[in-house]
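Q: Checked TrEMBL, it gives:
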type	residues	note
DOMAIN	292-461	domain 'Helicase ATP-binding'
BINDING	CYS524, CYS527, CYS564, CYS567	Zn(2+) 1 binding site
BINDING	CYS533, CYS536, CYS551, CYS554	Zn(2+) 2 binding site
DOMAIN	559-714	domain 'Helicase C-terminal'
Amino acid sequence: MSHFVDIILPLPLDNRFTYSISKDEANFLQAGMRVAVPFGKSKVYTGIIAEVHNRAPEVYEAKPISQILDEIPLVTAQQLKFWSWIASYYMCTEGEVMRAALPGAFILESESIVQLQKEAEIIESELKDDEFLVVEALQNQSSLKIKEVEALLDRKSVLPVLNRLMAKDIVILSQEIYEQYKPKRVKYIKLHENHESEDAMHQLLDELSRAHKQREVVLNYFSLKAKNTKPISAKELQKLAGVTSSTLKSLVKKNIFKEYYITEDRVSFDGEITRKHIEFNEYQLKAFGQIKASFEEKTVCLLHGVTSSGKTEIYLKLIEEVLNEGKQALYLLPEIALTTQLINRLQAYFGDKVLVFHSKYSMNERVEVYQNVLNAGDDPKVVIGARSAIFLPFQKLGLIIVDEEHEATFKQYDPAPRYHARDAAVVLANFFEAKTLMGSATPSLESYFNAAHNKYGFAELSRRFGNVLMPEIEIVDIKEKHRKKRMTGHFSDRLLKEIEESLAEGEQIILFQNRRGFSPILECNTCGHSPQCPNCDVSLTYHSHSNQLRCHYCGYHIAMQQRCMACHSDDISTKGFGTEQIETELKALFPKHKIGRMDQDTTRGKHGYEKIITAFEDLEIDILVGTQMLTKGLDFRNVNLVGVMNADNLLNFPDFRAHERSFQLMLQVAGRAGRTKKRGKVLIQSYNPHHQIIQQVSTNDYAGMYKEQLQERYNYKYPPYFRLVRLSLKSRDFSKTNEAADWIAKAMQNVFKQHVLGPEFPPVARIRNEYYKNIMLKIPQNQSLGKTKSVLKKILISFNAISAYRSVRVIVNVDPV
Ligand code: ADP
Ligand code: ZN
Ligand code: ZN
């Protein structure tokens, strides 16, 4: 009997590939282990075994695997099942899911290696100088990397030499797989045995009486040793003694100290548990009871709790119960809400049982969290992470919390898999017969709909913790204010007065402006021209800080212009406004106060976001201006006033979810006001103060918003009544994109009739010189999702076979947000 394995490769291939293995290998190998396999002409890839079996492939000859990379499975059976669900639901390949699911370090990369041909006949006199050098080196060591050949010959282009040697059949190029993950080894210092006695110690200090620095190190070592029994790291000792590593080295050389190494987790917690008890108030008690009761019958529950009502405390209690049962818990958050504030809060209660999985972590840190979850054994932990944490190798998962479940950032946009972590979490939980709790102050219509129709359980918290009142919301009609000349820049007299009062009280202020940059566009008052990006169909944005015009899509930028680029008039001005302009105006209005700004431009880098939050918490900033980054679950103690600079550009966004989103955003920013004793105040500036959404925000009327928006969704055939699949076509050729879109739309219309919308140009139809066109498919509730997708897939397969459209890429997005 022959033996085979089916392999998932980290590539966008529709199928698994079958490789042959020996009988012994078949006894050893299991699904979930990694193997290196040859693929294509000369590549070697890391693949995951999906199945070990005896069925020879019908259409091709199975090649043997190259190498076994694991002794035990790295990927669990549940993960494989989950990957396959994601691939089929979100219409992508298992290989794409694999890429998203595993830290890069697990997917080994291949690199070219030069080796001597075994039976090579080498006639030295026929070799050129550089060829000789390479051959000589290879006679001394069995292989060289391309990089090493470059160093050897001291030049960058070594391929010609290698090509000559290959032509002479002297060397071969092969691919070798190497492991990238490196465990972190920390250097520790201890005293050499010779000096351990009291006498020896005194003698040592005497000896060093002239070497001040070295003596300092030794003294510090003793005082550390006296304080605790923990090993002393080289870094710690250096820092304490204020010396460099060379001082330490010379002490090691003198045999006074010894170095040793310990392999450590990068993600370890050595703080203390500072919180032992959670005492619920009556509302939390009731909501907690509702959740537990709903879990008796249903697998998912929605917790609708106003901002600062104590939802997080309820999560903590539920997580604690699950950990006590010996199961793991997953706490999912939108990336941006994953702050040290929250991590500290969890660690204060659960100590080292908290694992954090963050996309800003280094690859090695992610590998460690992965291993930690995989090997949890009898020490289950709670993992807190953003959307990709659903791909961790859980063993015994008991609970998933999806906090801020309404957030669109749970959906991955690019690349595939374009999954929604909230929805996928429900499926994942079901694999483990675990429960899912979704929480939000402003639930998505979809989740609220599911709760209203008894698909999900439901619990509510309608009061803030500690009887703090919900903030008072006031709407300011800025059209009226403009007419009466009561505007200073973008500030109404009302807003300015409230800001002044808050500052006088020593309180902090948050101002929300949903656009970054200084002002979106520069416009000529003579001819109306505004500078455009040459690569994208958008106007360039003015950034005062760098005095540039920039494209937010491709990064193109030019210097700020003094004259119109079309008619050369110097009568040009900026239209619209962003965070930067608000910041500038504030600096002029309140020169004695510190103004901070939080948007994509100021939060770059690993700790950029953290830094601004910490500065604000430490009262180093009086007024913080920001985009929607400000809305996410932050708990600031000293903020009582929140201003929304302009509600209208949220409401006017061309998207069927714009109204729901605006409601959520405004209520969430409003929620940052008055979280402690004093009642907070929120001012919303708008040109349309009577807009129903603004009215609903001002009265905290979620139910009203839900009812009205749901009716619209029903009328216009949108979720939750219809499911959506969006196809985006793109290519560098405008007419090819158009023709291809027409072809696909027509094929779809033949089957799905009026439920196909488009093809249509998106609001920005050209990005980086690629032309985009969209087609939307609406799927009624009574139509089989599986069948619909398989029809769509067939259409796409036929499309891909048309050579004229080869340059057009089709991106499929299931449940776009
Ligand atoms: P939410 O998650 O709904 O925004 P939080 O859980 O952050 O609300 O609670 C708001 C504030 O009230 C936090 O500072 C929290 O520490 C406090 N709080 C909530 N519930 C309790 C409780 N049962 N005991 C003590 N403090 C609580
Ligand atoms: Zn002009
Ligand atoms: Zn551009």
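The backbone N, Cα and C atoms fix where each Cβ goes, glycine too.
Since we're looking at a predicted model, the values are computed, not measured.
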Q: If the criterion is a C-beta within less than 6 angstroms of any ligand 2 atom, which of the binding-site residues CYS527, CYS533, CYS564, CYS567 pass it? List them in sequence order.
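A: The qualifying binding-site residues are CYS527, CYS564, CYS567.
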Q: Between CYS536 (Zn(2+) 2 binding site) and CYS564 (Zn(2+) 1 binding site), what C-alpha distance do you get in Å?
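A: Pair distance, Cα basis, whole Å: 20 Å.
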Q: So how many other Cβ atoms are close to CYS536 (Zn(2+) 2 binding site), meaning within 10 Å of its Cβ?
A: 20
Q: Can you tell me the CA-to-CA distance separating CYS524 (Zn(2+) 1 binding site) and CYS554 (Zn(2+) 2 binding site), as a whole number of Å?
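A: Rounded to the nearest whole number, the Cα-Cα distance is 24 Å.
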Q: So which binding-site residues out of CYS524, CYS533, CYS536 are up against ligand 3, CB under 6 A?
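A: Close enough to ligand 3 are CYS533, CYS536.
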Q: Highest Cβ count within 10 Å among the binding-site residues CYS524, CYS554: which residue is it?
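A: Counting every other Cβ within 10 Å of each candidate, the maximum falls on CYS524.
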Q: Which has the fewest other Cβ atoms within 10 Å: CYS564, CYS567, the binding-site residues listed?
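A: If we count Cβ atoms within 10 Å for the binding-site residues CYS564, CYS567, the smallest count is at CYS567.
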Q: If you skip the near sequence neighbours and keep only those at least six away, which residues in the chain come within under 8 angstroms of CYS527 (Zn(2+) 1 binding site), Cβ to Cβ?
A: CYS564, ALA566, CYS567, SER569
Q: Long-range neighbours only, meaning 6 or more apart in sequence with Cβ under 8 Å: which ones does CYS533 (Zn(2+) 2 binding site) have?
A: SER539, LEU540, CYS551, TYR553, CYS554, TYR556
Q: Excluding CYS533, CYS536, CYS551, CYS554, please set out which residues of the same chain place their CB within 8 Å of the center of the CB atoms of the Zn(2+) 2 site, keeping sequence order.
A: PRO534, ASN535, VAL538, LEU540, HIS552, TYR553, GLY555, TYR556, ILE767, ARG768
Q: Where does CYS524 (Zn(2+) 1 binding site) sit in the DSSP three-state scheme?
A: strand
Q: Tally every other Cβ atom lying within 10 Å of the Cβ atom of CYS551 (Zn(2+) 2 binding site).
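A: CYS551 (Zn(2+) 2 binding site) is surrounded by 21 other Cβ atoms within 10 Å.
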Q: Summarise the model's confidence over the domain 'Helicase C-terminal' (559-714) as a mean pLDDT value.
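A: Taking every residue in the domain 'Helicase C-terminal' (559-714) and averaging pLDDT yields 87.
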